[in-house]
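Beneath this line is the structure, given in structure tokens, with notes to follow.
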């Protein structure tokens with residue numbers, strides 16, 4: 001007892017705001033049921049398994065721990081009182097099942113480094129210790145609080161702007177397809193403003209990807225509060241993502257159908273006609289999909305050991321489980337977070353709270369999946385007999401990883417089903433941010449590759465535009481189906497049965513079958529680009545665009561665009577099979593840059609009528625700033641240096657730059673020839689842009705990195721000119737930071753989706769390991785007898801070394 005009194009300074013009584021971890025180790029997947037139980041640090045309220053608590057003592061000096069140990073009760077099920085199901089039980093392992101085993105919990109106080117043990121409860125313990133332990137035991141665990149927060153995050157509030165939303169009678173009619181940002185060439189991440197019907201791109205990511213902030217800047221200019229994300233609108237409107245800029249969060253618009261109808265998007269009839277017709281065949285086939293992807297009915301041999309650990313579904317988290325199983329089957333991530341980094345090393349580098357450190361939680365997840373420690377067989381009782389049936393594994397629950405990876409994302413922090421593609425891109429973005437400035441240690445770089453687009457205008461001159469990406473998103477050309485004869489026969493049968501009032505059975509339905517090669521060819525095929533500004537013609541025209549890859553990544557991720565919008569605003573999942581071989585060769589997709597005899601489009605000139613508008617201040621913004629008492633010249637500079645994005649942005653620029661030495665310099669000098677900070681050039685170069693292009697963009701944007709990035713994306717001909725300066729002998733210059741090699745790849749794994757929308761259904765992963773295909777279906781891991789190679793949503797290929 002004396003040793004405890006001498007360590008009372010290391011004991012804290014938790015406050016209501018403290019996060020208390022007592023259900024899982026923060027650096028492993030040990031829990032109170034594990035051998036050795038769990039040790040709760042009575043100063044930091046973090047939990048540690050028996051093999052890791054000593055590390056915490058070495059790092060922090062915290063010596064007093066509450067040891068929690070759970071052992072299974074042996075009483076008969078008939079004597080066990082039924083449990084009332086809770087909100088947290090719905091949709092997760094266990095659910096409403098009242099037959100789960102019960103556990104007895106025992107406690108004791110342990111003092112390190114000598115592991116002195118004292119019983120609890122005990123009246124002999126100091127009062128401070130008794131109060132602290134009681135508070136820990138009574139408190140809701142941080143793990144449970146985070147789960148509850150995820151459930152309540154689903155409940156979006158009704159926007160206060162929805163009921164009286166102003167909608168302009170400006171004649172705008174939104175088509176169901178062919179969307180494009182009104183201010184740039186972005187065709188993804190587009191938002192429809194519900195006041196004026198303008199379609200604009202979303203927020204920009206730190207590396208220049210994503211949107212160009214045009215939607216949020218439009219709000220700053222106009223004050224129009226609500227926008228809906230195109231592509232999330234479904235016939236029942238439940239999945240529509242509506243964002244309120246003044247409220248700064250996703251909201252519910254109870255009048256969304258009415259607001260959409262104002263712009264020609266009418267759902268009143270779709271509920272009963274088109275939507276039902278479009279999805280009828282898919283609904284008939286859903287059980288077939290479900291059984292085939294999950295290999296239901298197959299005698300699947302369970303697998304255990306290193307690399308065969310399942311991930312327990314936390315409640316619609318199968319998108320995360322399937323994606324991370326494939327990611328941690330890749331050499332780059334296995335080396336980074338398992339072979340080359342121990343749990344102790346990650347913990348020593350982690351901040352005071354390792355539960356919020358992505359590096360620590362990735363290392364924890366890697367060791368949980370790859371060590372085999374949590375993949376031992378557990379005998380399962382058969383429902384009808386008392387004899388033990390086939391063994392299964394409990395798997396691990398990636399709660400802390402989900403919490404930290406979702407912390408910066410409003411959707412992934414909820415319990416709703418999500419798109420595996422969006423999660424993969426968000427995950428890669430977070431890993432790249434974490435390793436910013438350390439490309440040699442960044443495992444996400446193994447997915448990164450360059451895309452080069454060639455644009456030719458009617459003048460015969462060409463421009464080249466480059467960007468980097470992590471996935472190759474492929475359209476599926478149904479007209480290239482290789483089973484057209486069978487499809488024709490099926491259509492005849494379908495018509496005949498319809499005339500007889502009969503429905504088709506699942507085994508009679510024939511789906512189009514398209515080869516992966518045709519999907520890849522479709523990516524490189526010529527495409528018309530309308531409203532292209534030609535610096536040779538000094539006018540907007542139609543250009544022809546082709547695309548290729550400037551580098552071949554270590555791992556090539558192919559996304560099959562199975563979810564499309566049909567005419568009449570009918571969302572549809574393409575009912576199609578993709579013939580995917582286990583090896584592919586994309587060498588022919590290599591982009592070779594400028595070719596002999598090609599003439600580049602001239603550089604954009606600041607004096608061109610179309611470009612000069614970028615250097616003129618918006619008169620309304622200037623007038624409002626002047627009315628506030630600011631100097632006219634300063635107001636003009638503020639508007640120009642914020643790309644006329646709005647009064648608020650201009651005012652912020654003014655307040656930040658009032659004391660600049662060149663604030664009173666003439667505008668032409670200030671804008672056309674700013675002193676470019678080399679660090680800003682280096683920042684743009686790190687994004688994958690050429691140095692000459694970075695300089696031009698910064699000069700055209702007043703030295704602002706974000707606006708320079710936007711300028712590059714808005715001026716493909718300028719990008720082409722810079723790129724071609726770097727190209728020699730007709731070859732495309734390759735970013736030396738990007739991995740590159742031959743074009744031959746082997747299929748490593750794929751993620752399949754079951755359901756009518758990415759926001760519902762189920763995701764399953766199949767991975768080629770140790771010379772065989774393995775199915776990862778949440779915590780179930782086993783040998784795959786018939787992997788559904790033709791039903792993938794995301795395909796992951798590993799480059800074969802020459």
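Every residue, even glycine, has its Cβ placed from backbone N, Cα and C.
Per TrEMBL, active site, nucleophile is recorded for 318. The Cβ of residue 318 (active site, nucleophile) has 25 other Cβ atoms within 10 Å, all protein chains considered.
Taken from TrEMBL, the feature active site, proton acceptor applies to 762.
Among the features that TrEMBL reports, Zn(2+) binding site is placed at 181, 184, 201, 214.
Marked as domain 'UBP-type' by TrEMBL: 157-267.
What TrEMBL lists as domain 'USP' is 309-800.
Taken from TrEMBL, the feature domain 'UBA' covers 616-657 (among others).
Annotated domain 'UBA' per TrEMBL: 675-715 (among others), in sequence order.
If you look up TrEMBL, you'll see 589-610 marked as region 'Disordered'.
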Most Cβ neighbours inside 10 Å, all chains, among the recorded positions 214, 762: 214
Chain-internal residues, separated by at least six, CB under 8 A from residue 181 (Zn(2+) binding site): 187, 190, 199, 200, 201, 211, 212, 214
Position of peak Cβ density within 10 Å, selected from the binding-site residues 184, 201: 201
Distance from residue 184 (Zn(2+) binding site) back to residue 318 (active site, nucleophile), taken between C-alpha atoms, in Å: 35
Cβ within 8 Å of the mean position of the Cβ atoms of 181, 184, 201, 214: remaining residues of the chain near Zn(2+): 182, 183, 185, 186, 190, 200, 211, 212, 215
Integer Cα-Cα distance in angstrom, residue 762 (active site, proton acceptor) to residue 184 (Zn(2+) binding site): 35
